């Protein structure tokens, strides 16, 4: 009796464990794109969903699109979902999940993968826009440099004009002072002459002394020597 009870208890525990295991959700898978999640239009890309178990069924879904669904069974732990001739409408966020043969519950959803589909026309326009922006920047920089150069030349020219005008005014001032200096020197020489003439104690100038000396010499030559009368009396 006791043995039968124990066997039934063990059987119940095992069945309960199996049921619990079936209802347990598997861990979430991983989703990635190959060769890249950013692709050009009309090209191909493959989304790969990888699970933690083998012999599973995978499902691929798209965010904000409840009607999109792809299922795929695989004996491995990975499934591939190829996309060919991509269109802009294929862009969006994708996620995947899986379930094992022993479990009827889907696993947790994988992290969302953002698939970006670029337009070739936009890619062709992008370099031209970059080139235009660079050209505009170079043109603006050149204009600013030219303006600064002209401003520097103008400032240098104005400074040179100011210095030359200062030199000319200085020269004019010096030239205007020369006649005044000459007149002052002439007045000074006249004053010196007058002072010399007034400094003589007898009040006789150099010209008067010369005239009197000449007249005295002439009177001395006209007078006869004192011995001439005696020589005449003896001769008679």
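From the backbone N, Cα and C atoms, a Cβ is placed for every residue, glycine too.
Here is what Swiss-Prot says about this protein:
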- 1-16: signal peptide (SIGNAL)
- 17-135: topological domain 'Extracellular' (TOPO_DOM)
- 27-114: domain 'Ig-like V-type' (DOMAIN)
- 49-96: disulfide bond (DISULFID)
- 136-156: transmembrane segment (TRANSMEM)
- 157-236: topological domain 'Cytoplasmic' (TOPO_DOM)
- 166-200: region 'Disordered' (REGION)
- 204-209: motif 'ITIM motif 1' (MOTIF)
- 215-236: region 'Disordered' (REGION)
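Nonlocal intrachain contacts for the transmembrane segment (136-156), taken as residues 6+ away from its ends with a CB within less than 8 angstroms of a stretch CB, are lacking entirely. Residue density at residue 96 (disulfide bond): 26 other Cβ atoms are found within 10 A of its Cβ, drawing on all protein chains shown.
As a whole-number mean, the pLDDT of the motif 'ITIM motif 1' (204-209) in this prediction is 47.
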